[in-house]
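Data first, discussion second: the structure below is written as structure tokens.
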Amino acid sequence: MAKVVHSRNIERDPGMHGTVVRTTNIPEELGRIEFLLTDKTGTLTQNDMELKRLQIETMGFSGDSMDYVQACLSEGAEGDYDPTDTKSIVRNTVLALALCQNVTPTTNLDGTISYQAASPDEIAIVRWTSSIGLVLNHRDRHSMTLNDRVYSILQIFPFKSENKRMGIVIKSPEGRICFYLKGADVVMQKIVKPNVWLEEECGNMAREGLRTLVIARKQLTESDYASFLKEYNEASLILGDRREGAMSEVVGRYLECDMDLLGLTGVEDKLQKDVRVTLELLRNAGINIWMLTGDKVETARCIAVSSRLVSRGQYIHTVTRLSSREDAYNHLNVMKESPNCALLVDGESLDYFLEFMKEDFILTASGLPAVVACRCTPTQKAEITKLIRHVCQARVCCIGDGGNDVNMIQVANVGVGIMGKEGQQASLAADFSIHEFSQLSRLLVWHGRISYKQTSKLALFIIHRGLIISVCQAVYSVISKFEPIALFQGMLLVGYSTIYTMLPVFSIVYDRDVNEKLAFLFPELYKEMRENLSFSLSKFLTCAAVSVYQGIVIQLFTYLLIGFADEGKMLSVSFTCLILNELIMVALQINRWDTTIIMAELLTLLMYILSIPFLADYYDLSFLLEAKFYWSSFIILFTSLMPVWTIKTITQRLKPPSYAKLQR
């Protein structure tokens with residue numbers, strides 16, 4: 001029930017509007033996070049793409065220079081491809097960008113056209129081609145319409161995270177067949193004809209924080225396409241695991257080879273709101289932050305610096321294209337000798353580390369202030385998450401917004417999905433769904449801390465409540481010479497576990513040791529709480545010792561002051577002291593009195609008083625009117641509670657917790 005209350009508080013938080021808690025079992029896990037693994041696109045960035053640059057050989061177009069591209073299109077959108085004619089290259093590049101996509105246009109009520117696609121990059125590129133004159137008006141499974149020209153779709157090869165490219169075979173209205181392909185530069189460099197500018201320009205765009213896509217084309221004759229189609233269809237009929245490999249082999253042999261490089265696009269993805277503040281706050285809370293992305297090394301470096309995941313001027317140790325154990329050990333030694341550096345590692349090098357020295361790598365990297373892994377596959381993200389959990393014995397929170405983040409979200413201790421533009425896969429697979437990255441700070445530093453601290457305190461009180469009545473029964477049995485007689489029976493036993501103690505103990509979940517402002521002003525409280533576990537062996541032993549002491553005092557002093565001869569009088573004093581002891585113990589633990597807590601205490605006390613006339617089968621009601629009942633109860637409660645209160649007060653005076661210092 002406490003976990004449900006914490007989950008409801010998260011969903012009703014006005015500062016986290018739209019948050020969905022899909023798992024009510026683990027809100028307290030939010031208070032013990034040591035590692036945060038985050039995606040980049042759509043998580044740290046808005047996933048709101050805009051094409052900023054177009055590079056065609058040595059010519060770069062951006063801003064006002066895009067007018068030249070539009071002027072080239074005005075002379076005709078299509079024509080024979082001439083690699084020596086600048087205007088021909090520009091026209092064919094723009095046409096390739098308009099055709100090589102998987103975007104669906106929809107016409108709105110006001111006559112405007114909006115675009116839908118799985119990838120925001122594709123939408124950004126199609127919007128740009130539409131803005132300069134090539135408008136995608138219609139699309140179905142077999143054709144697409146640009147302006148008034150209908151192009152037939154012969155084959156389409158959708159984007160996959162494994163191959164990092166997508167292709168399409170198009171037949172123009174004039175009957176020309178062409179294969180267009182776009183993808184990541186590391187993949188496309190092996191497919192296009194040799195060139196001298198692609199790698200350098202990709203690096204330049206990445207340093208500006210732009211996402212790059214390489215576009216290429218290949219003209220096909222009717223016979224070329226017929227030969228390809230025949231072998232491709234034969235490969236598609238193969239049964240078993242060899243089918244995909246055979247189809248890819250045919251595509252690679254006929255289409256994805258010796259292609260004409262057309263151009264390079266640079267798409268900007270802006271940072272999400274308050275990303276810098278959120279990362280800084282989480283870092284101060286003692287959480288190690290790793291960014292796992294599929295982008296280029298330079299793009300990842302740029303975003304890491306601009307988001308302040310890596311401080312400006314901080315040394316970034318970069319590991320790329322690792323291929324030998326000697327180099328790997330050298331890099332590990334550098335990281336050990338420079339514990340304040342940030343690590344930037346690419347997917348290829350990460351594979352090598354995880355294959356040959358995964359434990360050394362994880363232990364070394366976990367001690368660094370920031371880690372950025374680029375060119376990561378979904379499998380690598382999940383494997384890193386598992387290794388951190390098992391090697392470092394740490395609790396990991398993973399956050400992402402796309403389908404490629406689902407693997408790591410599902411293997412993390414806590415998975416957080418952002419309801420972004422890449423679909424709902426991550427959001428639906430996660431334990432918690434939020435709308436933007438900045439809400440993560442409230443989820444962890446505020447709600448996580450409260451959930452863990454108050455759930456731990458509630459668990460200790462439930463132990464105390466059950467143990468103290470057991471000790472009372474044990475003392476009664478010892479004094480009664482182990483006769484098989486229950487001390488509290490019937491309504492007393494049922495009432496103790498329900499109406500007499502449930503509300504006060506449960507109301508602990510509404511207690512707050514600090515307010516929101518202090519929690520965010522001093523995020524170190526989160527780290528301190530994680531290091532000094534609220535539910536540790538020492539806390540349990542202390543709770544057990546207090547329960548044993550109070551149980552002995554209540555039942556032994558009842559025997560000394562009242563005796564066991566008159567069972568009605570004995571039960572009146574011992575059970576009343578037991579109930580009042582629980583109410584006062586809850587009151588001693590409260591840091592801030594809330595209306596709910598006050599009402600729980602008063603309502604429980606009132607219910608007990610009103611129920612006394614119905615306890616005539618157990619109590620000597622006439623004894624409740626005598627002074628002896630009151631002074632004996634006072635002595636028992638004073639002896640039971642005074643040492644506990646004194647020790648707690650002295651401890652808080654001599655060694656106050658941080659939240660107590662802030663309250664002062």
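Quick reminder: no glycine exception, Cβ is built from N, Cα and C everywhere.
What TrEMBL annotates here:
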BINDING   ASP39, THR41, ASP401, ASP405  Mg(2+) binding site
BINDING   ASP39, LYS40, THR41, GLU122, PHE159, LYS182, ARG211, THR293, GLY294, ASP295, ARG375, LYS381, ASN404, ASP405  ATP binding site
ACT_SITE  ASP39  active site, 4-aspartylphosphate intermediate
DOMAIN    428-656  domain 'P-type ATPase C-terminal'
TRANSMEM  458-479  transmembrane segment
TRANSMEM  485-510  transmembrane segment
TRANSMEM  540-564  transmembrane segment
TRANSMEM  570-590  transmembrane segment
TRANSMEM  597-616  transmembrane segment
TRANSMEM  628-647  transmembrane segment
Given a Cβ distance threshold of under 8 angstroms, which distant residues of the chain, six or more beyond its ends, lie next to the transmembrane segment (540-564)? 460, 463-464, 467-472, 474-476, 479-480, 487, 570, 573-574, 577-578, 581, 628, 632, 635-636, 639-641, 643-644
Cα-proximity to GLY294 (ATP binding site), 10 Å cut-off, over binding-site residues ASP39, THR41, ASP401: ASP39, THR41
Where among 458-479, 485-510, 570-590, 597-616 do we find the most Cβ pairs under 8 Å to the transmembrane segment (628-647)? 570-590
Answer key: the stretch among 458-479, 570-590, 597-616 with most Cβ pairs under 8 A to the transmembrane segment (485-510) is 597-616
Integer mean pLDDT for the domain 'P-type ATPase C-terminal' (428-656): 88
Sequence-ordered, the binding-site residues among PHE159, ARG211, ARG375 whose CA is within 10 A of the CA of ASP401 (Mg(2+) binding site) come to none
Mind giving me a neighbour count for THR41 (Mg(2+) binding site)? Other Cβ atoms within 10 Å of its Cβ, every protein chain shown. 27
I'd like the number of other C-beta atoms within 10 A of the C-beta of ASP401 (Mg(2+) binding site), please. 32
Binding-site residues compared (ARG211, ARG375) - the one with the fewest other Cβ atoms within 10 Å: ARG375
